[in-house]
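Database features (TrEMBL):
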- L23, G24, A25, G26, A27, M28, A85, V86, K87, P88: NADP(+) binding site (BINDING)
- 22-113: domain 'Pyrroline-5-carboxylate reductase catalytic N-terminal' (DOMAIN)
- 176-280: domain 'Pyrroline-5-carboxylate reductase dimerisation' (DOMAIN)
Amino acid sequence: MFSFNEADILPLGNKPAPRLFLLGAGAMAEAFIRGIVRKGALQPEQIYVLNRSRGQRLMELQEEYGVVPAKSLIDAADAAVVVLAVKPADAAQALDELRPYLHGQLLISFAAGLSTEWLLEAIGNQAAVVRTMPNLPVAVESGVTAVAFAEHVTHKDRLLARFLLEQVGAVVEMEESLLDAATAFSGSGPGFVCYFLEAMEESARRLGFDEETARALLLHTVAGTAKVLLDWQLSPEILRRRVTSPRGTTHAGLQVFEQSGLKTFVNEALQAAAARSAEMGKQFKTKDRPKD
Ligand SMILES: NC(=O)c1ccc[n+]([C@@H]2O[C@H](COP(=O)([O-])OP(=O)(O)OC[C@H]3O[C@@H](n4cnc5c(N)ncnc54)[C@H](OP(=O)(O)O)[C@@H]3O)[C@@H](O)[C@H]2O)c1
């Protein structure tokens with residue numbers, strides 16, 4: 001576990017400052033920029049962003065957040081932190097082009113399925129590598145990012161990576177071998193939660209609620225329950241037991257879940273998602289390696 005040490009990350013926020021360079025200007029890059037700028041972790045003019053071809057997109061990001069459209073990859077050479085925010089299939093080419101401008105910076109990769117080993121090989125070991133798996137709620141600064149560091153990443157770089165990623169939500173560090181599972185769990189989690197909520201919403205309509213009322217009851221129930229679990233640091237099982245009176249309404253509903261084998265289905269769904277994540281990751285271990 002790392003403790004937050006302001007002195008370790010402050011130099012990034014002081015001018016003249018090393019900069020953050022984002023390679024890729026899509027949805028994920030924007031979520032990261034939004035969190036960092038809104039929270040004031042960096043000045044917008046310290047953040048450079050470059051994509052492949054859509055100049056207009058860079059202008060939009062500049063207008064919205066005040067960040068700097070990079071003129072070329074040369075700007076990455078001055079950055080303390082470089083973020084890889086391209087699709088996994090585009091990563092080999094992007095890193096091949098980026099490699100000459102790396103000289104020991106911290107490289108944070110958002111690319112799903114690309115291992116730290118693969119990344120290090122792609123950049124000729126020219127940066128300290130952090131592999132991450134953020135999830136959708138980072139777009140509203142309430143995400144969770146699973147993180148695995150390559151070997152030999154310094155304590156200071158780890159703090160720096162965590163500090164930046166924490167601007168868009170929680171950060172959970174783990175062994176890299178668990179990142180495929182995290183992709184299935186917290187990465188696909190919003191989709192799974194939505195599927196359950198969809199079923200609850202459909203049922204609410206059958207109970208007589210209009211759409212608007214059902215949605216309000218549903219979302220506040222979910223957000224409130226998550227907040228109670230976080231604030232009171234309870235396990236879902238303990239809270240579930242606390243809110244279930246014998247022969248009460250919750251008990252009646254839970255009995256149906258229990259009899260239907262819901263937990264078995266949930267387990268099977270997560271296993272399937274994790275297997276798919278591992279399978280997708282494997283394709284990048286065997287092809288698309290950048291040429292030397
Ligand atoms: N979106 C999510 O919720 C999410 C969640 C977890 C992880 N991720 C990961 O985050 C990464 C980015 O996803 P995204 O949703 O932001 O993708 P996206 O919206 O499709 O954006 C991809 C960006 O990469 C740029 N790009 C592609 N090749 C490039 C190259 N050679 N050099 C420079 N820029 C290049 C594209 O530029 P042009 O538009 O000019 O082609 C575009 O700006 C992916 O690896 C994904 O696995 C995303």
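Each position is counted from 1, following the chain as shown.
Glycine residues also receive a Cβ, built from the backbone N, Cα and C atoms like all the rest.
What you are looking at is a predicted structure, and each value in this text was computed from that prediction instead of being measured.
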**OP:** Could you give me the DSSP helix, strand and coil counts for the domain 'Pyrroline-5-carboxylate reductase dimerisation' (176-280)?
**Re:** 90 helix, 0 strand, 15 coil
Original post:
10 Å Cβ neighbour count around A27 (NADP(+) binding site)?
Top reply: 12
Original post:
Within 10 angstroms of the C-beta of A85 (NADP(+) binding site), what count of other C-beta atoms is obtained when all protein chains are considered?
Top reply: 26
Original post:
Looking at the binding-site residues L23, A25, which sits with the largest number of other Cβ atoms within 10 Å of its Cβ?
Top reply: L23
Original post:
Quick one: mean pLDDT on the domain 'Pyrroline-5-carboxylate reductase dimerisation' (176-280)?
Top reply: 96
Subject >> Neighbour count (Cβ, 10 Å) for K87 (NADP(+) binding site) >> reply: 13
